[in-house]
C-alpha cells in the first residue's frame with residue numbers, strides 16, 4: 001500500500017508515477033479530496049467532543065449546586081447529534097479512502113521503463129549459447145508424451161485442462177529439480193520453510209493479491225471462513241511476519257519454500273493451452289527477503305543472482321529483462337524477469353520474476369523493525385521465483401533433447417536422479 005502522506009506531499013509526482021501504471025490523475029485527485037474532507041471532519045469531531053466534555057462538566061457542577069441545567073443538557077444533546085452525524089460521515093470517508101488506496105499499485109522505480117506497453121520492457125543481458133540441432137526440435141509436451149513421462153490427456157479427464165500427470169522418470173526429474181533448487185538456496189543462506197498452502201483473506205491482502213485479484217484465485221470455506229489456495233509461496237512467507245516487529249539484527253531475513261501454486265488463469269483463454277507453461281497447479285520454489293530500506297536494491301541484485309545461478313548450473317540459456325512499469329506486478333517497484341530459451345518455440349519464456357516491493361507489502365501487512373534511533377520503520381520485502389519447477393522441466397526437455405527422442409539430464413541433476421544420465425522411452 002502506498003504512503004498517503006507522500007501522495008499528499010507530492011501529488012503531481014504521484015500522478016506522474018502512477019500514470020505509468022495506467023492510473024488516471026483524476027483518481028488521485030478524488031483520493032486527496034476525500035482525504036482533505038476526512039481530516040476536516042476529524043478535527044470538527046474532536047472539537048465537538050471536547051466541547052461535549054466541557055458542557056458535561058458544567059452540568060455536573062450545576063446539578064451539585066442544584067442549578068437549572070436544562071439549556072446545557074439541550075446543548076449537549078445537539079452536540080451529540082452533530083458528533084453522531086460526523087462519525088457516520090467519517091466512517092464513509094474512511095471506507096472511500098481505503099477503497100481507492102488499497103487498489104493503487106506501487107510507484108515504479110526511477111530506472112524502470114515508464115510505459116504502458118509490455119513490449120517496452122528492456123533487455124539487460126543474455127547468458128549461454130542456444131543449442132543447435134540437426135533435426136527439428138520438438139515441443140516439450142510432445143517429448144514428454146512420447147517418452148511416457150507427461151500425461152495431459154488423463155489429467156484432463158480427472159481435473160480438466162491445464163493439469164498434468166508426471167510419471168516415472170518425469171516425476172523423478174521434477175523432484176530432482178526442486179531438491180536441487182532448495183539445496184542451492186540453503187547454501188546461499190536461505191532458511192527453508194514448509195508453509196500452509198491455504199491462507200486467510202488478511203494474508204492475501206498483505207501481499208497485495210486481494211482485493212484486486214480475487215478472480216485469479218481458488219477459495220474454499222472452513223467453518224464459514226474463506227481460505228484461499230496460495231498462488232505463490234510469497235503469500236505465506238511474507239505474512240510470516242505480518243503485524244510483527246523484526247529484530248533489526250536479524251535483517252536481512254531470507255526464506256525459501258517449495259509449494260504448489262494454484263491459479264485460475266482468468267483472462268488466459270487461448271494462451272499456452274498445451275504443455276507446462278501455464279497451469280492451474282504447478283510447483284514453484286520461491287525466495288523471499290526482508291531487509292532495511294537502504295539495502296533493498298542490493299538485495300534485488302542478490303535475488304537475481306541466486307535465480308541466475310540455478311539456470312547457469314543447469315546450462316540453460318536465458319536473458320534478463322527489466323519489465324516496463326505497467327507490466328510489473330501490482331506490488332513491485334521494479335521487476336526483473338529471467339526468461340529461459342525454449343528452442344521449439346524459438347523464443348524466451350519467463351521462468352523467474354524477481355521484484356523489489358519496497359515498503360508496499362510491509363505497509364499493508366504491518367511488518368516493521370526498529371531503526372538505530374528506536375523508531376519503528378517498515379521493512380522492504382523482495383520476492384523471486386527460484387525457480388518455477390514445471391517450466392524448468394519444460395526447458396530441460398527442449399534444450400537437452402536428442403535426435404533419438406531421448407533427453408540428456410543436466411550434469412548437476414544427475415546425482416538427484418540416482419546417477420541416471422538420460423531419459424529414454426524405456427524409463
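Placed from the backbone N, Cα and C atoms, the Cβ positions cover glycine too.
What Swiss-Prot lists as L-serine binding site is 232, 233, 234, 286, 385. Sequence-distant neighbours of residue 385 (L-serine binding site) (same chain, 6+ residues apart, CB-CB distance under 8 A): 284, 285, 286, 287, 307, 351, 352, 353, 354.
Counting every protein chain shown, 29 other Cβ atoms lie within 10 Å of the Cβ of residue 352 (ATP binding site). Per Swiss-Prot, ATP binding site is recorded for 263, 264, 265, 350, 351, 352, 353.
Using the Cβ center of 232, 233, 234, 286, 385 for L-serine, the list of other same-chain residues with Cβ within 8 Å runs, in sequence order, 235, 237, 257, 259, 261, 284, 285, 287, 288, 383, 384.
Here the Cβ of residue 234 (L-serine binding site) has 30 other Cβ atoms within 10 Å, regardless of which shown protein chain they belong to. Of all the binding-site residues listed here (232, 233, 234), 232 has the Cα closest to the Cα of residue 350 (ATP binding site). DSSP assigns residue 234 (L-serine binding site) to a helix.
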